[in-house]
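Working notes, structure below.
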Amino acid sequence: MLAQQGVCIWAIVNGMGNREVDMTMKELLLQARVLVAVSTTWIFSTTVIKLAVLALYLRIFTTPGFRRWAVSLMVIDVCFGITFLVVFITHCNPVSQQWDPVPWGSCRSLTSSELSSISLNLVLDTAIVVLPMPWLWNLRMALSHKLVVMVMFGFGFATIAIMCYRLDQTVHSDPDPMIATARIGLLSNLELWLGIIVTCLPTMAPFFRTNLLPGLSKLSRKLYGSSAPSSKEETPRVQLRTFGGSGPPVSKDNKNYTELLRVQQYGSVAKQRWNSCTKAIPDNGYVTRSRSYCAFVHA
């Protein structure tokens, strides 16, 4: 990947993006060399990034069925990389035919090689992005967590969109070969950069939990509302005191009692059990009961 970026910078410094008529012969010959280097480093980079994503899948999902699919895609990806590495290197015979032509040399159509590689790459990337979705949906976790994980892996669809646009630009390329090559090169780099981002997203899970999940929760409450009260609007809690347990200090009148309940909430029950209670404090509306029973106390 670093080699591919270095080659691209080299190409830009030497006139990539200018029109062919504005470039010197030396620059044109250099661009011919760069084209071979860019093609081979791109196919190597995209193959390795796919392997990294699939290796990440294997660490996350341990289901035998999923692992079989992931390993199969890894094998297909390696075959894809090796095949098109050979195709791009042997584009011309000899390899130097474009910048140092010989009478008996020849070159294949670069457009046909690009269309083949982009199409197969598109199919392979789509399979890799879609592969974990059914397993993610069946995980036993909160819906909001599922959505966050699916969004992280779903960033791969951005890569697919870029490849679709790249395919369109390859078919309907600019008449000037240097301009067309510059556009294709930019889209190829975007594809690789997004692939790296998708591979690294799971390591950013703490960031998403801290920043994205609260936003999703707020949005969900705004859109659908909530029948349950929020944490700030919850009904007041009744504190449970147990012998030897922690809790606020207990007054002299109720220190031996294990449970506290509101008289206002359980008024009828309190009246029915009034005679069973050992003490009554009518001043503040409390009813307390002995250690062996229960107590109704305004918490």
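Cβ coordinates come from backbone N, Cα and C, glycine included.
Look at TrEMBL and you will find 6-209 tagged as domain 'Rhodopsin'. According to TrEMBL, the feature transmembrane segment maps to 34-57, 69-89, 118-137, 149-168, 192-212. The region 'Disordered' annotation in TrEMBL covers 226-251.
Here the transmembrane segment (118-137) lies next to the transmembrane segment (69-89) in space: the count of CB pairs under 8 Å, restricted to residues six or more apart, reaches at least 3. Model confidence over the domain 'Rhodopsin' (6-209) is summarised by a mean pLDDT of 84. Here the transmembrane segment (192-212) has Cβ contacts under 8 Å with residues 1, 4, 42, 45-46, 49-50, 52-53, 56, 60, 148, 151-153, 155-156, 158-159, 162 of the same chain, all six or more residues outside its ends. For the transmembrane segment (69-89), same-chain residues at least 6 beyond its ends with a Cβ under 8 Å from one of its own Cβ atoms are 36, 39-40, 43-44, 46-48, 50-51, 54-55, 57-58, 61, 95, 113, 116-117, 120-121, 124, 127-128, 131.
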